[in-house]
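According to Swiss-Prot, the features are:
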- 1-229: region 'Pyrophosphorylase' (REGION)
- 8-11, 22, 73, 78-79, 140, 155, 170, 227, 332, 350, 365, 376: UDP-N-acetyl-alpha-D-glucosamine binding site (BINDING)
- 103, 227: Mg(2+) binding site (BINDING)
- 230-250: region 'Linker' (REGION)
- 251-456: region 'N-acetyltransferase' (REGION)
- 385, 386, 422, 439: acetyl-CoA binding site (BINDING)
């Protein structure tokens with residue numbers, strides 16, 4: 001059966017107190033609306049329509065790579081009105097449409113699949129996702145008849161004292177038979193205190209026609225919406241622990257899961273150990289047997305097997321097998337570090353290639369450079385890559401030794417098996433096998449301190 005989905009993402013999110021549209025606030029490194037889209041894709045949903053309004057262009061930009069369609073809700077006149085705005089997307093389709101909200105990022109693909117299966121097997125015209133909660137205050141209640149079938153949804157403010165005792169709540173997420181939904185959308189009215197068109201009224205219309213309406217109860221955490229910064233933090237914590245549990249089940253050791261921050265799309269292979277305080281973001285891939293000591297940030301990078309990283313930042317880069325990084329190293333985008341290399345403390349690498357076995361142990365800047373294997377950089381080496389207008393390239397051959405406090409003024413080439421004397425400023429090509437010394441000859445002026453009256 002054909003399966004489609006509509007995501008309601010037009011709300012202003014006033015309680016967030018933010019210029020950013022609510023659905024674009026991130027949970028575990030990804031916008032809430034993109035979390036929902038990803039979940040629906042994993043649920044074999046064929047077409048997805050995003051109903052947008054507030055900050056529409058920003059939402060489009062953030063979701064441009066997700067292959068969703070868009071419907072515009074110029075005025076936010078309720079959830080029923082949002083489905084009216086998606087009418088063009090729904091017309092001509094047969095089957096089931098799942099309706100979700102863009103501010104509920106905790107729903108899982110397993111739950112979506114279960115809901116659709118429940119809907120189809122029961123031959124329901126509408127299915128409501130519900131949850132049993134300890135404190136149902138503020139939520140619409142699911143009222144069932146003596147046979148356990150859904151009778152109606154009653155908003156909290158309209159509940160009788162007996163109905164207030166019901167702790168099964170409406171999540172605001174549904175599955176509908178598309179044709180029945182379309183047949184009833186125009187029957188909605190806004191004769192209520194808010195002057196809005198409520199999607200819950202569709203349930204009542206269907207029941208009046210004698211249509212079957214079902215309800216499936218799910219984990220309360222999955223239906224939690226985000227309307228405030230506090231709820232955003234709560235969703236972050238729930239999803240973070242869910243992600244961390246998945247990695248541990250796959251053979252990753254997390255020393256302190258509550259204080260380890262791993263993004264939704266991060267991949268980690270078995271026998272890697274992650275200490276607390278690490279932040280792994282984007283499309284990062286950590287291969288087997290790595291050790292990430294406390295307090296590193298790694299984003300959109302590939303870390304090969306056997307790497308050790310201490311308190312460092314690695315962005316959009318590649319680190320080869322059995323390399324050590326840090327503490328306090330900064331590897332900037334488009335860098336590639338070879339195998340068995342050493343990138344030490346207070347070293348910054350930018351848009352450079354570092355060969356296998358090369359050691360850059362401390363207090364060094366390498367930018368826009370191609371460095372061979374087996375090299376050694378002394379403390380305080382700087383690749384002077386910027387002339388005030390252009391970023392220039394430096395090439396350093398294999399097995400070269402760069403002495404302490406050396407400036408390599410780009411563009412410049414240092415060939416294989418060369419030595420650069422400490423304190424040199426290199427501006428010309430150094431031939432293979434040569435020693436380059438580029439510093440003034442030392443001069444000692446006898447008795448100078450006494451002559452200047454500086455002797456103590």
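Here the Cβ of each residue, glycine as well, is placed from N, Cα and C on the backbone.
With the fewest other C-beta atoms within 10 Å around its C-beta, 422 stands out among the binding-site residues 22, 140, 170, 365, 422.
For the region 'Linker' (230-250), same-chain residues at least 6 beyond its ends with a Cβ under 8 Å from one of its own Cβ atoms are 16, 25, 27-28, 32, 35, 105-106, 221, 224, 257-258, 260-264, 266, 268, 270.
The Cβ neighbour count for residue 227 (Mg(2+) binding site), using a 10 Å radius over every protein chain in view, is 15. In terms of Cα distance, the binding-site residues that sit within 10 Å of residue 8 (UDP-N-acetyl-alpha-D-glucosamine binding site) are 103, chosen from 103, 227, 385, 386, 439. Packing around residue 8 (UDP-N-acetyl-alpha-D-glucosamine binding site) is summarised by its Cβ count: 29 other Cβ atoms lie within 10 angstroms of its Cβ, all protein chains included. By neighbour count, meaning other C-beta atoms within 10 Å, the densest spot among the binding-site residues 332, 439 is 332.
On a Cα basis, residue 170 (UDP-N-acetyl-alpha-D-glucosamine binding site) lies 16 Å away from residue 227 (Mg(2+) binding site).
Take the Cα of residue 385 (acetyl-CoA binding site) and measure to each of the binding-site residues 22, 170, 365: the nearest one is 365.
Within 10 Å of residue 103 (Mg(2+) binding site), judged by CA to CA distance, lie the following binding-site residues from the set 22, 140, 170, 386, 422: 22.
Of 10, 22, 140, all annotated as binding-site residues, the residue with the shortest Cα distance to residue 386 (acetyl-CoA binding site) is 22.
The Cβ neighbour count for residue 103 (Mg(2+) binding site), using a 10 Å radius over every protein chain in view, is 27.
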